[in-house]
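Pulled from TrEMBL, these are the features on record:
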REGION    1-125  region 'Disordered'
COMPBIAS  39-49  compositional bias 'Polar residues'
TRANSMEM  156-182  transmembrane segment
TRANSMEM  194-213  transmembrane segment
TRANSMEM  255-274  transmembrane segment
TRANSMEM  305-326  transmembrane segment
TRANSMEM  338-357  transmembrane segment
TRANSMEM  418-436  transmembrane segment
TRANSMEM  502-523  transmembrane segment
TRANSMEM  529-548  transmembrane segment
TRANSMEM  560-578  transmembrane segment
TRANSMEM  615-635  transmembrane segment
Amino acid sequence: MSSSDPNNRNRHAPSLHEPKPMPPSSWAKKTGFRPKFSGETNVTDSGPISTPPPNVDLEAGRVRTPATANGVANGDKAPVPVPPPPAAARKRRDSDGGPRSSVPSTNGQAPAAETAPPPRRTARHEEVVDGLPADDDGFVSRHSHMKYELRDSPGLVPIGVYGIQHYFSILGSLILIPLVIVPAMGGTHEETSMVVSTVLFVSGVTTLLHIAFGSRLPLIQGPSFVYLAPALAIINSPEFQGLNGNKFKHIMRELQGAIIIGSAFQTLLGYTGLMSLLVRLINPVVISPTIAAVGLSFYSYGFPLVGTCIEIGAVQILVVIVFSLYLRKISVLGHRIFLIYAVPLGLAITWAFAFLLTEAGVYSYKGCDVNIPASNMVSEHCRKHFSRMRHCRVDTSQALKSSTWFRFPYPLQWGTPVFHWKMAIVMCVVSLISSVDSVGSYHASSLLVASRPPTPGVLSRGIGLEGLSSVLAGLWGTGTGSTTLTENVHTIAVTKMGSRKAVQLGACFLIVLSLVGKVGGFIASIPKVMVAGLLCFMWAMLTALGLSNLRYSEAGSSRNIIIVGLSLFFSLSIPAYFQQYGISPNSNLSVPSYFQPYIVTSHGPFHSKYGGLNYVLNTLFSLHMVIAFLVAFILDNTVPGSKQERGVYVWSKAEVARREPAVANDYELPLKVGRIFRWVKWVGL
């Protein structure tokens, strides 16, 4: 029977794809609570209250959507065309005359050409979340918040100011590693200042090379914390414990040889195109626990060394925390100076505080001289206070006095590198972990400053050049390899500076600064307890930055939660088994307690008749990042999961990149160098 009632004329039976939404509870109506099942959180919720989305899949962490055909849901009408974006989103045009894509996605993929992007809600505001801008839907946005983008050139003065600011904000990552490894090798204050100057020089040179001929993204190259743990393991090898004479130069040459071989492996990995194949298996669920394990692995070094002078080390940590968290929104002349310069400002204030305590005589004891070794002290009173005098006083270092005003770092300055296959294999594995770290940095930074993510060829080209950069670091003798610093992404998001010209100019400034020997001497004179305090903050930041990669995946999925949890737990537990194996509780070891995890090669559980194999296995399985990578890599690539759930990285396709002038201008090699190597399809556009 046909219905003639006008009230029933427009009614239809509810579709299977359109269930009735569940009304919010009375508590939700009063509080405005709105659940977010995707794992993406936002710091603001000022918009209108809405009901929870229908058909929420709690397991996968997303909303079930009806099947679509050509971008239109079955049974639904075609989407309404979206009005053009506001003028703020069209800040500048590309050189080809076309507008940039301003519609972001969760993983960097551009919207399909046939489908109109969903309209943005205007009642909500964008805000920076965890160092990256996020809109109301939890998607990472780009361009609209940046002051200067990848190819912007606002003028020499702004570029110079922002370039220097960029390097100062990342200063801790550049200078702290030499302050740890050189004393561990038995180096003097003068040798520490020389290594610091070398690190600054190599960082400037490799950054220029990477921006020009690598990924072309504004990423600073420098000594990565990825190389710190294996370097300490090599330094504390049993064959180096009984060395006499210049122990520093001998161990440095061993490190140089291992770094050069490992970097050559990374170069082949990139320039042969193998990285473009391997990157298909490397996703956020793999990268997150791997990088987080790098930061967590130094828990035995951080606060135990801070505790040697707790009143200075704790102040160092608290000042940096106050600047980076409680004062982060305070702007001076449009710059969030406390957030951007949290590390250098915290260092300056704590150093001044320690200087006042030293000058006031707090750490002066009658009849005691800090320059006399504790073993030669006759007075029991002096031996009791020797540790506090050595760690708390700021006038014990002679690095600034002994350093020269001008010094040019040169290759092979420590002598000819020494090559041992067992140490080289360890560094080859570490270079692979370093490449995994760089993959996450390339993707996250491209979402901020570029028109699209790079192609797999550009990614391979960047990894290959990072290998060449580490070869240079090995030849110059920095003690670690040179790679993309993970902190780059946070720095770009905070400073809102994405111009590669600014980073290039800052790299030139760094090279000039490295030639002034007194600069290296000044940095080398930072007290150890303050270095440990800064490292506690830097390692915590590195852990958080690693875990932040999960925002590209379904972080609420039980699959991903279990994989990440297992990776992090076993990355701490398995190395602990190797590090504690064969050590009795009352054993008197010749190294400080904070270096004991790195002497595993002398007592690990592998005891075959092949000493070199024992060395490699005991060392690799005692490294937290290696265990985290293996567990996450195997589980993520064997446990079933959709691409959306896994957060599979979406890279630009080569044919699309060649057709779009904006993408080509972002990643094409300068000076028409790309035309010479156009036949090498796997390392370019």
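Counting begins at 1 with the first residue displayed.
Every residue, even glycine, has its Cβ placed from backbone N, Cα and C.
529-548 is the stretch from 255-274, 529-548, 615-635 with the greatest number of Cβ pairs below 8 Å to the transmembrane segment (156-182). Touching of the transmembrane segment (305-326) and the transmembrane segment (255-274) is ruled out by the presence of fewer than three CB pairs under 8 A, sequence neighbours closer than 6 excluded. Within the chain carrying the transmembrane segment (338-357), a Cβ under 8 angstroms from the stretch's Cβ atoms is held by residues 165, 168-169, 171-172, 311-312, 315-316, 319-320, 323-324, 327-330, 363, 392, 394, 491, 494-495, 526-527, 530, 533-534, 537-538, all 6 or more beyond its ends.
Of the Cβ pairs linking the transmembrane segment (615-635) with the transmembrane segment (418-436) and spaced 6 or more residues apart, 3 or more are under 8 Å, so the two regions touch.
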